[in-house]
Each structure stands twice: as structure tokens, then as C-alpha cells.
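Visitor: Quick paste of what TrEMBL says about this protein:
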- 92: active site, proton donor (ACT_SITE)
- 150: substrate binding site (BINDING)
- 59-311: domain 'NADP-dependent oxidoreductase' (DOMAIN)
- 117: site 'Lowers pKa of active site Tyr' (SITE)
């Protein structure tokens, strides 16, 4: 099993490298994007490299609970402000509007990094294949840059049901197939604990490139991040502002005032310096612009330690800890 995994893994990396070379010849990617390391912009890297050599922007627009004209406007403002990473999901029910906004923006598809997710209602091999097909149809694009399993459990199952594990494995096989068919440039998971990742890594042929989880100074996810680093899995942080609750935290506000930055910028910068991808969500033009202005400064070691000290293992969203 290990030999099969390694052979397939090396073959996939070689294929992606060959495809990137073809794209460079066509002028699709600049030389910098082909580098295995970080891409530099000013004082801080704007991209990370995934374990298959695909690069991902370190800051993206989250779109949970953004729908209709609001999400269309938000995506347009984001793209005009320099964002090139948009995060959505089947369950958000906004992919059609996001696809329209992308087309209206005039930004070339190959310049963007678009993520979507297979919902808990769509798990299982055939259901997941159909889910991604529908996602691509709604977005009106030929491929996803990243496709994730949205949740380690399946809808309408008890937390401790063995069926959760079985459906996760089937869903992952579907994503591996879509990856091999180049419908997804990278595949990963969301809301997976160390236990869920260990189970997946013991059976998969292609290991996940990303684990997207709730993360902010009240929930630093330190042990999970350490595990992901050891396994060469990039962590993405959703709700990096703590669903807005951390914007009024006295410690965050004190650092923001001293640095002449907004609390949101301090929180996003904290996430970036933890070497994760951050996905702030907003439908307000000024906040969308504010949130991307985080690459020209850095927090000191003391400031980082102070923010790390706020950790209380507190979820504002959903905890996957009880799912088998």
C-alpha cells in the first residue's frame, strides 16, 4: 500500500510539474509561481506551496452566509482590491453568483484560486462525484483549484456512527478520481481533527493538501497545526476574526492602537505569521479592502506570544471533536 501511494504520489507531482511547464510556455504562469517555496511581495510572502507544488494565495475571501447580490458585489470588490482567492461551498448556495461575479470582473480564470466543498449531504463516492459536477456547473468553470470534504461526518448520522468513517473514505476516493481527471488541481479536507486525518492518511492514495478549520487567537489549534506541518498539509483558517467577536477584545484592540492598524488586520496578521492561509469574510467594500492590507507589516515575537496567550480552545462555530 505504501509503495502504491508513493508511486502514485510521485507520478502526480511529475504530471503537475509538466503541466505547469506547459502553462509557463503559454504565458499562463509567471516564473515565480513555479517556485516550490514562498512567493514574496514586499515584506511577506503572499502564497504558499501545497504538497503537490500548486501554489495557493495566503489570503482569500470567505463567502459563508453571503448570498445573492451581496456576494456578487463582495467578490467583485475583492477582485478589484487584489484578491485572487475565493472560498465557497456547495452548502453556501452562492456558487452561481460567484461564477457570475468572476466572469463580470474580467479577471482571467487561470489567475484565480477557487475553492469549493462537498457538503455533508453529498458524501459517498457517487454522490461526491455528482456534487463536484454540479459545483462546476454552477460556477461555470472547468475545474476547481481546491476541493474539500466540508465536514468529517455525514448529514443525518449519529456522531459515533461507523458510517461516518466509511463515507469519508468513499468521498475521498471520489476526490482522488477527480484529481486524476484534472477536475481539481488540489484536494483536501475541512474541520478534520488529528484522529480524522490519521484515519484518512492510513487509507488514501493521495494525501490531502489542505485542512481548513476554525482558527483564531481564542482557538489556536496548535497541536492540529503541528500535526499538519509534520504531514505537509497546509492549514487554512476560517472565521479568523472569531465571527467578529475578537474585534473588541481588549488585548487585540491595544495592539491595534499601538500599531495604528485595525483589530481585523492584527488578527489576520497573527494568522499569517502562524504560516496558515486566512479566509476573512465580509460583504462591505471598505472591510474587504482593509483585510488584504496585511502584507506590509509584521507582529513582534512578544505580540505574537501575547495573542497566543488568549487561547481558550473556544469554538464560535462547530466542533467536530465528537465525530467518529
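Cβ atoms are placed via backbone N, Cα and C, with glycine included.
All TrEMBL annotations are machine predictions without curation.
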Visitor: Just jot down the residues in the same chain as the residue listed as 'substrate binding site', at least 6 apart in sequence, with C-beta under 8 A of its C-beta; none if empty.
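Guide: Expected: 89, 90, 91, 117, 118, 119, 120, 190, 191.
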Visitor: Have a look at the recorded positions (92, 117) and report the one with the fewest Cβ neighbours inside 10 Å.
Guide: 92
